[in-house]
């Protein structure tokens with residue numbers, strides 16, 4: 001035999017084959033039929049059980065037997081998929097009214113698997129027979145199975161709208177469906193109303209169907225979402241668990257008795273306990289699953305002083321105690337997938353019932369007329385009984401007797417067959433009367449069937465009557481409560497935090513840890529836990545209600561609620577802050593500020609290595625989302641953030657450069673800018689760089705302390721440093737020899753009793769300010785003999801930056817006059833004269849704009865500069 005080779009493009013083949021495959025899984029696998037609400041595998045399971053007589057009034061049968069029957073005769077797929085579908089039909093937490101009654105382990109709401117099919121037994125539930133009723137009366141189209149050996153129904157008669165009652169979920173090629181369960185009684189009432197009023201509106205139907213009715217109960221919020229879903233087939237509703245708050249003597253409890261549909265209870269309990277373990281919410285003692293045969297029960301024990309409702313709101317927002325259910329009511333209608341609203345679904349079901357009742361009536365009419373024809377023959381035969389008996393006795397055989405009866409008495413073939421098969425006892429008077437009664441009943445039935453077939457009104461009354469009978473036979477109270485509006489969840493984060501005084505440490509490499517007071521007090525003479533090359537930047541005495549702003553050298557800041565920090569011992573390393581907030585490993589921490597409240601009238605002052613500075617209002621740093629670092633200063637290429645300070649708006653600023661210059665002036669000369677903006681020039685640093693910025697109270701601060709790389713130290717009275725204007729070079733505070741030049745490392749503004757810790761490679765040296773005499777302005781730093789090695793760090797611990805440093809009540813009472821220390825001869829006043837201003841304005845403004853950083857993107861904006869701003873206290 002000669003081979004025939006077909007050459008075809010792979011694209012054409014794949015497109016054609018996938019198209020056929022898609023058509024198959026859309027029509028015959030994943031989507032339910034609008035008429036009976038069943039997928040093909042579900043329909044085949046029910047039909048196979050029905051055909052085998054595996055009904056509710058018979059003993060249970062092994063599930064394996066049913067599965068084998070289904071895959072052997074109707075559904076040529078794996079046994080596991082068929083068994084899973086069968087198990088789902090029996091699960092009362094997934095099906096509003098289960099269609100299969102299974103005995104044995106059929107899984108659980110914890111998503112536990114069912115027992116193997118060889119162990120479980122099953123039979124049809126009573127209401128499943130309502131889907132199969134009248135199947136033997138040619139009410140639906142029967143089709144050959146996959147091997148043409150059996151017939152199976154293409155759809156079931158379905159005496160109630162199962163697609164709405166039990167819902168459906170599935171995914172096919174390009175289509176998915178999510179139809180929630182609804183209440184049987186409500187659906188039947190709506191169907192009856194639609195039959196009686198074919199032109200009724202959706203609002204009319206919503207007087208009957210209030211919304212979804214989940215087998216797990218719970219609470220559905222948002223009638224607006226329900227209406228949208230009922231109208232378009234797509235919509236969203238909020239499903240919330242039913243909870244109860246119980247107050248006891250020493251603890252409070254949240255008891256969850258109902259959870260949203262299709263939520264895995266075990267996973268929900270795990271998530272709740274994870275929140276307890278991670279201390280995302282303070283005050284959770286224990287989470288327990290106390291569910292048993294009496295029902296679902298999840299118990300959450302809370303400390304007595306915890307805000308229970310606020311904690312419950314947090315659970316709603318962060319777990320599946322509250323969940324959105326998305327309607328997507330796609331079903332097969334006329335062999336096509338269609339997204340339908342409630343009206344279209346009910347119309348599709350009603351049309352199906354009209355066809356079923358019509359076909360059933362035609363079938364019953366045919367059978368009734370056939371039977372009446374036989375009864376008429378039997379009655380006629382009884383009236384001439386002697387002649388009939390004589391004819392039969394004188395016939396050769398059965399066929400001859402039938403022939404003679406047809407020829408002599410004009411009986412039909414079927415009547416003659418019935419007569420010759422008649423038993424003699426049927427010829428008694430009782431049976432003759434019974435035949436007369438049967439004839440009357442058949443005539444009434446035939447008349448009734450003709451009325452049904454000839455009158456659409458009568459036919460619809462039949463559908464209504466049968467629906468009412470089902471409603472009466474299967475009473476179904478509503479489980480899910482419907483609320484008109486979606487309750488807005490508000491979470492007071494502070495109310496979820498148990499106030500606790502703690503210590504918080506911040507290191508240069510980004511290790512931020514929370515230390516309990518007990519651990520801190522027990523740590524005397526215990527080294528602080530850190531990496532060898534790391535440096536402690538700050539140690540704050542704080543409260544769990546506080547926030548921490550951590551600043552990095554790249555011009556970014558991190559917003560850290562302290563209650564979210566994990567607790568470690570003083571000697572432990574702790575965790576890098578990246579476990580909470582995304583931050584680049586190359587960034588180094590330079591400072592941190594402890595914030596009690598962002599509503600305080602305070603300013604954060606930032607200074608960069610190249611002398612750029614700005615002031616930002618503290619409130620601008622408050623954010624609601626803090627999963628990553630945020631920009632606090634837009635830096636030029638090659639520039640880094642050097643120092644960050646906190647001020648009340650009336651402090652002094654002293655900037656120290658590496659070459660030994662100090663620039664001292666009032667902070668009022670620094671502009672208040674946006675958080676993402678660049679800065680203005682704070683100090684003229686030609687061939688130099690900024691090493692330190694110090695903020696000081698001009699009415700209280702006494703000493704300026706400079707550390708140099710000799711290593712050396714120099715103490716000056718703050719009043720001995722001449723004040724100057726912003727953006728100038730400042731004044732030289734020590735003279736460096738031409739050979740072995742001395743460079744400033746950093747500086748501090750301190751009070752006499754303050755102490756400073758200087759860290760070298762091999763030792764820590766503690767120095768007290770009062771131990772060093774005041775020096776002259778130009779003298780070089782004194783050699784720090786206690787330091788034998790190169791200085792690697794300096795820690796000034798007593799005043800870690802905190803909003804508590806400023807007593808704002810006192811500030812308001814103090815005079816607002818500028819202290820004398822900031823008075824400087826203003827040689828620039830001449831530029832404010834109009835005649836000079838006109839000449840120099842373009843050049844000065846152009847120069848200032850050159851010094852401002854260029855914009856890199858839309859988020860990094862700079863405030864416009866005017867000429868008058870250059871010489872005002874606001875710039």
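Glycine residues also receive a Cβ, built from the backbone N, Cα and C atoms like all the rest.
Bear in mind that TrEMBL entries carry predicted annotations, made automatically and left uncurated.
Quick caveat, the model's predicted, so the values are computed rather than measured.
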Original post:
Which one of these stretches, 363-393, 394-424, 425-455, shows up in TrEMBL as coiled coil?
Top reply: 425-455
**OP:** Out of the recorded positions 39, 88, 94, 119, give me the one sitting nearest to residue 77 (site 'Interaction with DNA') by CA distance.
**Re:** 39
**OP:** Could you tell me which of these recorded sites, 39, 75, 77, 88, has the fewest other Cβ atoms within 10 Å of its Cβ?
**Re:** 77
Original post:
If you draw a 10 Å sphere on the Cβ of residue 94 (site 'Interaction with DNA'), how many other Cβ atoms land inside?
Top reply: 21
Subject >> Cα-to-Cα gap, residue 94 (site 'Interaction with DNA') vs residue 119 (active site, O-(5'-phospho-DNA)-tyrosine intermediate), nearest whole Å >> reply: 22
Original post:
How big is the gap, in Å, between the Cα of residue 118 (site 'Transition state stabilizer') and that of residue 88 (site 'Interaction with DNA'), rounded to a whole number?
Top reply: 17
**OP:** State the Cα to Cα distance, in Å, between residue 39 (site 'Interaction with DNA') and residue 88 (site 'Interaction with DNA'), rounded to an integer.
**Re:** 12
Original post:
Looking at Cβ-Cβ distances, which residues of the chain lie under 8 angstroms from residue 119 (active site, O-(5'-phospho-DNA)-tyrosine intermediate) while being 6 or more apart from it?
Top reply: 104, 105
